[in-house]
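Quick look at what TrEMBL annotates:
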type: BINDING; residues: B:12, B:13, B:14, B:15, B:16, B:17; note: NAD(+) binding site
type: DOMAIN; residues: B:7-181; note: domain '3-hydroxyacyl-CoA dehydrogenase NAD binding'
type: DOMAIN; residues: B:187-252; note: domain '3-hydroxyacyl-CoA dehydrogenase C-terminal'
């Protein structure tokens with residue numbers, strides 16, 4: 001497949017380059033990293049750890065086996081054999097141009113070369129290349145391992161198909177490439193951000209508000225709007241039935257009112273910098289940098305998961321993208337093989353997600369049920385009940401379960417669910433499951449679970465199709481000799 | 001309590017005024033509405049329906065009995081007896097000033113008068129008032145019934161304590177008042193929005209991208225950042241260990257680069273308006289205005305609920321605010337009374353939330369468990385197990401449950417849980433619960449549930465404190481004569 005990156009190279013490994021490497025490695029792509037900074041390995045390692053933690057919370061879909069990350073000593077070594085090379089060196093046009101020219105000389109002429117620049121035009125960067133047609137800007141947003149956007153911008157010598165290919169190759173690593181029609185300094189996102197930043201600096205300098213108030217104005221209002229719809233779609237709604245045209249007619253005149261500091265650029269004096277820094281300390285100083293970073297990442301994860309459930313479960317924006325990414329992960333995951341044996345089946349390895357805990361940091365009651373329900377789904381996939389099977393009109397419904405809650409799970413705990421198939425005929429699937437904590441094997445909860453096979457067309461219970469029944473029987477037979485767990489068949493309140 | 005609004009008046013009832021009315025009414029405040037528009041009642045009714053739907057999804061906390069909304073024929077009638085009057089008439093300084101002067105003349109001199117203006121300075125509006133010290137801007141954001149922000153801005157004659165009082169009075173209706181230090185046209189939020197809008201218009205006019213791409217750039221990147229941290233806190237993290245000062249030093253120079261259309265205002269020609277309108281149709285035309293509005297509201301609800309669980313359950317930003325709002329609702333709710341009778345106890349009336357359904361729009365398996373867990377919590381509150389009881393070191397833990405899934409619930413369905421207390425000693429609470437759909441009473445699921453009373457200090461099971469035990473016994477005694485449900489004591493897979 002041409003749309004899947006086979007080997008990646010990262011030139012420059014700070015917060016941005018390190019997160020690109022994390023995106024590649026977590027998508028199963030072997031990646032070489034070149035960064036002459038003496039602490040590059042430590043910095044990249046920290047970013048990688050953040051990214052792995054965030055991915056662990058973001059999705060339960062099966063991530064592929066991690067790609068290999070190798071630190072190398074030269075650009076030439078890094079780019080050898082790579083089909084995507086991402087440049088993330090400091091933001092100086094001469095430095096970036098030199099590095100890109102050096103990459104160009106050493107790389108396979110068909111390899112794509114993306115630059116992480118925040119604002120330099122690709123025409124500037126590709127000036128001295130032999131194969132400039134495959135060079136473009138792929139401008140990501142911090143934290144790159146969570147925010148999916150990459151603005152794709154071509155220069156005068158960039159081939160149009162390069163941008164389309166780049167966009168197609170970003171999807172399998174969970175990113176959203178958007179192609180700009182023309183190059184422009186700072187592209188689209190940083191144009192908008194710079195406009196807000198400039199206006200914000202004036203508001204602080206003129207003592208209209210402090211940094212905390214300004215941030216509150218953003219996050220309690222349009223920030224939430226923009227997490228899910230952008231500016232134009234939001235205003236389209238504001239226009240009501242009359243739509244966009246009405247909105248512009250109504251608010252257009254404001255453009256000529258003195259609503260922004262149109263013509264002036266604020267002078268960044270030491271005094272202003274001190275003012276901002278001390279207001280920022282007052283606002284956020286109670287949290288360390290790492291703590292803020294963790295809170296931010298958990299919030300972003302939660303927002304994307306929320307948007308995944310939006311629009312009647314079809315997903316919206318970054319949540320729809322997450323859905324599609326997970327569908328790819330499932331499609332690319334090795335098909336679960338019916339390795340029936342007398343061992344218990346390890347069905348699920350969830351982590352306790354921030355949204356799963358109460359104010360004490362303990363996993364709430366019904367999240368234990370969620371683990372067992374997800375584990376039952378995993379068993380169904382194991383016997384061939386996949387999306388196609390369900391789409392064709394057959395499925396299993398859970399009809400009954402018995403749970404025991406035995407111990408607490410805490411935020412971030414790695415858990416796992418093991419299962420034993422109890423004697424049942426496949427039209428019914430009867431299992432017993434144990435939820436344990438990975439670190440010490442402590443038993444947290446049990447579930448005796450019963451599913452029934454149904455035809456959604458006929459609206460009634462029917463036997464499963466032969467292929468599914470055969471696989472189910474393999475598991476049932478392999479577990480037939482296991483002793484029935486002591487608490488199977490238990491009633492609520494039964495004395496031991 | 002002086003911080004609770006007793007009676008509200010809304011002058012002007014469009015999308016903004018109607019949503020203010022919804023905020024008041026849903027917080028239990030009687031509200032009078034004056035709007036001469038012939039369709040005012042219909043428009044306000046639609047906004048109110050949206051708001052009620054959104055609140056139903058937003059929180060399970062007990063909303064107070066709705067306030068009464070009355071449409072009246074004059075400003076004088078509307079403001080009579082009101083202690084908060086909100087002006088939301090069209091954005092023309094002469095019109096607003098006249099209306100506010102008229103309000104001032106008729107209202108109790110101690111009543112607060114807020115204006116919803118998007119940009120007119122309060123000094124302009126209060127010019128002709130007799131009691132200008134109680135007038136201010138309270139600028140909200142659409143949809144006002146969900147986005148909590150109100151920028152509070154005083155004019156030259158506004159008393160400083162007016163703004164503090166206004167802020168205190170907004171909290172009980174779920175809103176976040178932020179006080180600006182100085183008045184300025186367009187205040188803070190619209191300054192920032194106007195800067196983005198102007199820049200965005202240039203990007204469309206110059207064909208750098210279309211409206212959909214611009215929106216995608218926002219919502220796949222910084223939009224999600226800004227839903228939970230504003231600009232300064234975000235950049236503080238970007239500065240890493242070195243913080244804000246480092247960030248400014250690094251990115252400050254961009255201010256003087258040609259990154260924004262600093263000096264020019266785009267000319268809103270018919271051609272440009274046509275371009276934007278048709279791009280917007282291509283982007284969003286697949287969804288009707290009401291559909292987009294619904295999706296937006298569900299997304300905002302989900303984001304706020306996500307942020308409520310953030311920071312280890314302590315909440316963050318709008319989610320922390322939602323937590324506090326709910327705590328108020330619980331505190332103000334009539335204490336559940338131990339009206340023990342032989343009737344089943346109606347413990348919970350949830351609605352099927354967007355995040356509860358799968359891609360088919362059906363409630364997922366473990367959400368049934370959530371309903372029963374929440375119902376069990378409701379029973380605990382009924383017998384006096386409240387926050388204080390738990391904080392003092394005692395609580396009930398769920399130890400065991402048996403569930404049957406019998407029918408499907410769909411997005412938006414109104415459900416209810418009824419319970420019967422089975423014979424148990426109060427150290428154990430043994431109940432049987434039924435989850436039904438309100439519209440047709442259909443039985444969706446059952447739960448036999450067992451909780452155990454524990455001392456968190458001693459880390460073991462102990463009898464409940466006498467007051468709780470006594471209340472529990474009243475319920476247990478009242479249900480003692482009820483027949484035990486047929487399926488109580490059922491084991492998984494048991495034949496009928």
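Using the three backbone atoms N, Cα and C, a Cβ is placed for every residue, glycine included.
Proximity to chain A, taken as a Cβ less than 8 Å from one of its Cβ atoms, holds for B:15 among the binding-site residues B:12, B:14, B:15, B:16, B:17. Set side by side, the binding-site residues B:15, B:16 differ in how many other CB atoms lie within 10 angstroms of their CB, and the most is found at B:16. Taking a C-beta cut-off of under 8 Å and a sequence gap of six or more, residue B:17 (NAD(+) binding site) has these contacts in its own chain: B:10, B:11, B:33, B:35, B:44, B:86, B:88, B:89, B:116. Confidence in the domain '3-hydroxyacyl-CoA dehydrogenase C-terminal' (B:187-252), given as mean pLDDT, stands at 86. For residue B:12 (NAD(+) binding site), the same-chain residues lying six or more positions away in sequence with a CB closer than 8 A to its CB are B:34, B:35, B:87, B:88, B:89, B:90, B:99, B:116. Other residues of the same chain near the NAD(+) site, with their Cβ within 8 Å of the Cβ centroid of B:12, B:13, B:14, B:15, B:16, B:17, are B:10, B:18, B:19, B:20, B:35, B:43, B:44, B:47, B:88, B:116.
Residues near residue B:13 (NAD(+) binding site) in space but far in sequence (CB under 8 A, at least 6 apart, same chain), listed by position: B:21, B:33, B:34, B:35, B:37, B:40, B:43, B:44, B:88.
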